[in-house]
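As structure tokens, the structure follows; a few thoughts come after it.
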Amino acid sequence: MESTNNITEFILLGLSQNKKIKALCFLMFLFCYIAILGGNMIILISITCSQLIEQPMYFFLNYLALSDLCYTSTVTPKFLTDLLLERNIISYTSCMAQLFTMHFFGGIEILILTVMAYDRYVAICKPLHYSIIMSKGRCHAMVTACCAGAFIHSFLQSLLAISLPFCGHNEMDHYFCDIYPLLTLSCTNTHRVGLLVVANSGMMGLVTFVVLMWSYYFILYTIRAYPAESRSKALSTCSSHVTVVIFFFVPVLFIYIRPATTYPEDKVFALFYTILAPMFNPLIYTLRNTEMKNALRKVWCHKLFFI
């Protein structure tokens with residue numbers, strides 16, 4: 001597709017044009033962003049400074065917290081700034097950069113969640129082989145594979161966006177640059193590109209979600225024969241993982257699995273996976289995890305003691 005482009009910037013319409021609503025949203029999402037930074041930084045420091053980093057589950061959780069920080073930071077700072085401004089503008093280059101980085105870190109998060117599900121599957125269903133299967137070298141290889149897979153996904157998504165021609169209309173009914181809002185602004189038939197987006201983003205999300213839910217179903221089926229104490233611990237760990245998966249994937253699937261159309265509700269659903277899920281992940285993984293809570297006490301009580 002030949003790309004002809006006389007657009008140098010896009011106007012982001014954001015969540016609302018009402019000044020009072022924008023001010024309220026600024027305060028609310030500023031609090032959310034501070035909570036995201038604080039919560040995920042606490043997880044990063046707590047795991048890195050404790051023995052938990054040696055355990056595969058917490059090794060992956062460490063990278064999940066890091067990807068959460070990077071992912072939400074591709075969208076939220078610009079979003080918060082725009083809530084204070086009258087006219088919200090993003091250059092064409094910045095828009096493409098935001099699209100690439102958002103899908104890159106979002107892809108890492110999706111794949112890390114998949115690896116975490118595999119880790120729990122091996123730990124519960126093949127406990128005798130766990131230390132061999134989930135060796136340190138293999139864990140590092142899995143994280144590298146997650147980054148490589150996310151890069152390929154993001155590169156293809158960005159390639160589709162860059163190939164789109166824009167001829168005049170540049171008002172985007174969203175608060176960040178994403179592929180579907182860009183498709184509505186393009187001055188060509190985007191049906192084929194829309195199908196490629198569904199194949200790249202939608203099917204990636206759907207297949208990953210199905211694999212995740214199947215693995216957790218298999219885990220729950222396996223632990224039926226476990227003693228009550230072991231079953232309770234496994235259920236506690238898996239339930240927190242499933243909560244994160246549903247909270248993140250349902251809005252993602254709502255947006256990316258359908259044909260290339262946009263709805264006003266898309267902006268609200270996007271808030272779930274760009275801001276709310278990264279904010280709740282630290283709470284879900286710490287409040288329902290005894291080992292994580294113990295690590296928090298040891299690391300932070302030790303630091304406070306020596307201040």
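Placed from the backbone N, Cα and C atoms, the Cβ positions cover glycine too.
Here is what TrEMBL records for this protein:
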TRANSMEM  21-45  transmembrane segment
DOMAIN    39-285  domain 'G-protein coupled receptors family 1 profile'
TRANSMEM  57-76  transmembrane segment
TRANSMEM  96-118  transmembrane segment
TRANSMEM  139-162  transmembrane segment
TRANSMEM  203-223  transmembrane segment
TRANSMEM  235-257  transmembrane segment
TRANSMEM  269-287  transmembrane segment
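By the Cβ criterion (distance under 8 Å, sequence gap of 6 or more), the transmembrane segment (57-76) is counted as touching the transmembrane segment (269-287), at least 3 such pairs being found. Remote same-chain residues near the transmembrane segment (96-118) are listed as 57, 60-61, 63-64, 67-68, 70-71, 74-75, 78, 90, 142-143, 145-147, 149-151, 153-155, 157-158, 161-162, 176-179, 182, 201, 204-205, 208, 211-212, 215-216, 241, 244-245, 248-249, 252, 273-274 (criterion: CB distance under 8 Å, separation of at least six residues from the stretch ends). Ranked by Cβ pairs under 8 Å to the transmembrane segment (269-287), the stretches 21-45, 139-162, 203-223, 235-257 are led by 235-257. If one looks beyond the transmembrane segment (235-257) by at least 6 residues along the same chain, the residues whose Cβ comes under 8 Å of a Cβ in the stretch are 57, 109-110, 113, 116-117, 120, 124, 180, 197-198, 201-203, 205-206, 208-209, 212-213, 216, 219-220, 223, 266, 269-270, 272-273, 276-277, 280-281, 284-285, 288-289.
The average pLDDT for the domain 'G-protein coupled receptors family 1 profile' (39-285) in the predicted structure is 88.
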